[in-house]
Amino acid sequence: MVRAWYFDNDEEGNKKLPHMTDPPQFVDLEGLKKIGVLYWKVDVDGDDMEEGGLVPKLKEERGYKHGDSIAISRELMPDYVDVSKMLYTEHLHPDEEIRLAVDGVAYFDVRDLEDKWIRIEISKGDLIILPAGLYHRFTVEQEKRFVKLERFFTEITRWTPYNRPADDHPARVAYLKSMEKPKEEEKKFSWCNFL
């Protein structure tokens, strides 16, 4: 099961370490869902990957027609240092980002609605979807320094990052709008209702 917690804000330390606050402030799946992050546990060696299984159904429901695999490690990538820096630079995408870990361990850091970092640890079988417009960054974890991911795309295999600040990007504007409470919900908690 995926684990998530608030990042300790030590931006100078080794980014590949867990960076938990002391004491840890864990974030459950409902907390992730409140910022638009979705999660599934996948049996990557079993039926979930086969026709009619969880992953093919999810791809069909969300319109993913293309995909690829990427392995991130110093041994496998001649440009590992440059790629690592690029992935750890805070950015957003105009499309949702879906990643399925099939081996290794990595971290996605995502911004909550108060602009605080939440670190999400993914390992084999964790599938997450980050909504379009959500600021985030990515790194492999210290011990293994390796992750293999399946990536899914709607039309073409692409990965277009827009580094922060990108607050005027249409995907960011749409994301923030989707996170606003409906007016009826705000009225429920109006002080007038308690008088």
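The backbone N, Cα and C atoms fix where each Cβ goes, and this holds for glycine too.
Here's what TrEMBL has on this protein:
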BINDING   HIS91, HIS93, GLU97, HIS136  Ni(2+) binding site
BINDING   HIS91, HIS93, GLU97, HIS136  Fe(2+) binding site
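Everything TrEMBL records as a feature, shown here on the structure.
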{"residue": "HIS91", "record": "Ni(2+) binding site", "Cβ contacts under 8 Å, 6 or more apart": "TYR135, HIS136, ARG137, PRO161, TYR162, ASN163, ARG164, ALA166"}
{"residue": "HIS93", "record": "Ni(2+) binding site", "Cβ contacts under 8 Å, 6 or more apart": "LEU130, ALA132, GLY133, TRP159, THR160, PRO161, TYR162, ALA171"}
{"residue": "GLU97", "record": "Ni(2+) binding site", "Cβ contacts under 8 Å, 6 or more apart": "ILE129, LEU130, HIS136"}
*For the recorded Fe(2+) site formed by HIS91, HIS93, GLU97, HIS136, which further same-chain residues have Cβ atoms within 8 Å of the site's Cβ center?*
LEU92, LEU130, LEU134, TYR135, PRO161
*Tally every other Cβ atom lying within 10 Å of the Cβ atom of HIS136 (Ni(2+) binding site).*
22
